[in-house]
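S.K.: According to Swiss-Prot, the protein has these features:
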{"type": "BINDING", "residues": "11, 47, 76", "note": "[4Fe-4S] cluster 1 binding site"}
{"type": "BINDING", "residues": "148, 152, 155", "note": "[4Fe-4S] cluster 2 binding site"}
{"type": "DOMAIN", "residues": "2-110", "note": "domain 'MTTase N-terminal'"}
{"type": "DOMAIN", "residues": "134-363", "note": "domain 'Radical SAM core'"}
{"type": "DOMAIN", "residues": "366-425", "note": "domain 'TRAM'"}
């Protein structure tokens, strides 16, 4: 028996991969421990979407090795930039090789090194066929697909995850029923782009949501990020699916830029106007919609005028949250070859947009004060409070509440990133 600690980075999709590896190790007689200090081997389940994250992970790998730990690196980094991985690691597994984790651990304990980073074209895994060792949270992360149909010029994730492979609705429904039976109250539908789910197997996300909401039980669905160009193809159908009370009125719709020429250079395949069309359609039906979007600042060729169009867009649509990212060139991408903007320009634009988005978020959240909201208790938070979410997935801090309960609360105060409330029933 080997004591293994799994350290996950990046998206929910990656965390689900970590849970598969944990289950495979556990079922093979190994022990999954709660901290690296307790472990003999640390699995660093990496992310490579941004350069700062990549550098942080590379430093972490060196730190673990310097402290005498055996390290296995999994996730996207082995595909995107393997050169930054310390050569002292015991094994390197790509995202299509997580089923070899037991072999990697056993090799490592014998002092042998396993490297398996197959191209996505040569090896595919239906990850719903594998067991999961999931934390006893209120929510269950459920991957519905891997890969995407886009070819964004800045994104390296496609290099690792490949082209879209949707999982069958039957298997997804089976996992939802299992999760509800286990006591989970919240299902996260996760993918690189949930908006293109099913396009390769003759179905779509709206139909999948309809099948899930037909399942008996009190639970909620949180739909993950979707790209606008795919949503446009079935917008009315998706909005109809969202009308079910089991679906959180939460929409993560990344726009990435408010300038159409920059969107064209990014390879995003939609316009600012089309993005706004989707937002308006959702808000007409769901005035309480919690809208999240993403903006990349400092993309190659982004002029001051182009950046200001992004600022104007955010001021105009007023999202509940904007994830602001500074562009960083990723190995193997087209945009990495283009002339880059000075770092100080990118930093300045990021700071400006960040201030604007915090102010907008604060103003939106203040409007909730005094309102009665239904909440799902997620569990213990900081300072003796509990964390919960509203039915449009606003985070709310409460003084009491039992994990997994649906309760009624009243909002008493607000900050940019959360609400404060009290239980009333």
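Including glycine, each Cβ sits where the backbone N, Cα and C put it.
Worth saying up front: this structure is predicted, and the values here are computed from it rather than measured.
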S.K.: On the DSSP side of things, how many residues of the domain 'TRAM' (366-425) fall into helix, strand and coil, could you say?
M.R.: 1 helix, 32 strand, 27 coil
S.K.: For the binding-site residues listed here (76, 152), which one has the lowest count of neighbouring CB atoms within 10 Å of its own CB?
M.R.: 152
S.K.: Other than 148, 152, 155 themselves, what residues in this chain have Cβ atoms within 8 Å of the centroid of the [4Fe-4S] cluster 2 site's Cβ atoms?
M.R.: 150, 151, 154, 157, 158, 192, 193, 267
S.K.: Where does the mean pLDDT land for the domain 'MTTase N-terminal' (2-110)?
M.R.: 93
S.K.: Among all the protein chains here, how many other CB atoms are within 10 A of the CB of residue 155 ([4Fe-4S] cluster 2 binding site)?
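M.R.: Residue 155 ([4Fe-4S] cluster 2 binding site) is surrounded by 19 other Cβ atoms within 10 Å.
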S.K.: Out of 148, 152, 155, which of these binding-site residues is nearest residue 76 ([4Fe-4S] cluster 1 binding site) by C-alpha distance?
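M.R.: Spatially nearest to residue 76 ([4Fe-4S] cluster 1 binding site) by Cα position is 155.
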S.K.: At the Cα level, what's the spacing in Å between residue 47 ([4Fe-4S] cluster 1 binding site) and residue 152 ([4Fe-4S] cluster 2 binding site), rounded?
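M.R.: Checking the Cα atoms of residue 47 ([4Fe-4S] cluster 1 binding site) and residue 152 ([4Fe-4S] cluster 2 binding site) gives a distance of 17 Å.
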S.K.: What other residues of this chain sit with their CB within 8 A of the center of the CB atoms of 11, 47, 76, the recorded [4Fe-4S] cluster 1 site?
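M.R.: Going along the sequence, the neighbours come out as 9, 10, 13, 14, 46, 48, 49, 53, 75, 157, 160.
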S.K.: Rounded to a whole angstrom, what is the C-alpha distance between residue 152 ([4Fe-4S] cluster 2 binding site) and residue 11 ([4Fe-4S] cluster 1 binding site)?
M.R.: 18
S.K.: Near the Cβ of residue 47 ([4Fe-4S] cluster 1 binding site), how many other Cβ atoms are there if near means within 10 Å?
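M.R.: So the number of other Cβ atoms within 10 Å of residue 47 ([4Fe-4S] cluster 1 binding site) is 21.
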S.K.: Minimum Cβ neighbour count within 10 Å among the binding-site residues 11, 148: which residue?
M.R.: 11
